[in-house]
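Notes follow the structure.
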Amino acid sequence: IIFCSNNMLYPKEDKENKILLYACRNCDYKQEADSNCIYVNKIMHEIEYVLKAAVVWLLNPFPIINPSRPFHSELTHIVPDVISDPTLPRTEEHACPKCSHREAVFFQAQTRRAEEEMRLYYVCTNPSCCHRWTE
């Protein structure tokens with residue numbers, strides 16, 4: 001992040017000279033950018049997650065869903081990355097049933113069946129577990 005006196009500078013195109021500038025939105029200050037790259041999105045962790053999911057699917061391509069747990073398929077759609085979401089509330093009152101880790105993130109969501117009530121979902125914040133459950 002680049003600043004002028006007290007304000008953040010934002011990327012701006014100089015169409016006349018065909019260069020990238022950083023400009024202040026509050027004053028006339030401008031400076032030429034060192035690089036033409038504004039943002040890099042590295043998604044290596046997502047690739048790793050997809051590869052892990054592919055391996056799990058290869059090991060068990062047709063999992064048997066327990067009919068006594070109808071929400072099971074909804075739990076599989078929760079991405080483990082939610083554990084690093086700073087906007088989700090956290091609790092230490094519901095220990096993970098799989099690894100006994102004390103902290104979990106939780107959120108409320110509608111099930112696939114619109115006539116059912118909202119359900120509270122938990123995800124273990126232990127990165128090596130990421131177990132998902134509901135009550």
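Glycine residues also receive a Cβ, built from the backbone N, Cα and C atoms like all the rest.
In TrEMBL, the Zn(2+) 1 site is described by Cys24, Cys27, and among Cys4, Cys37 the residue recorded at this site is Cys4. A count of other CB atoms within 10 A of each Cβ picks out Cys96 as the most crowded of the binding-site residues Cys4, Cys27, Cys96, Cys99, Cys129.
Other residues of the same chain near the Zn(2+) 2 site, with their Cβ within 8 Å of the Cβ centroid of Cys96, Cys99, Cys124, Cys129, are Pro97, Lys98, Ser100, His101, Ala104, Thr125, Asn126, Cys130, His131. The binding-site residues under consideration are Cys24, Cys124. Their Cβ neighbour counts within 10 Å are lowest for Cys24.
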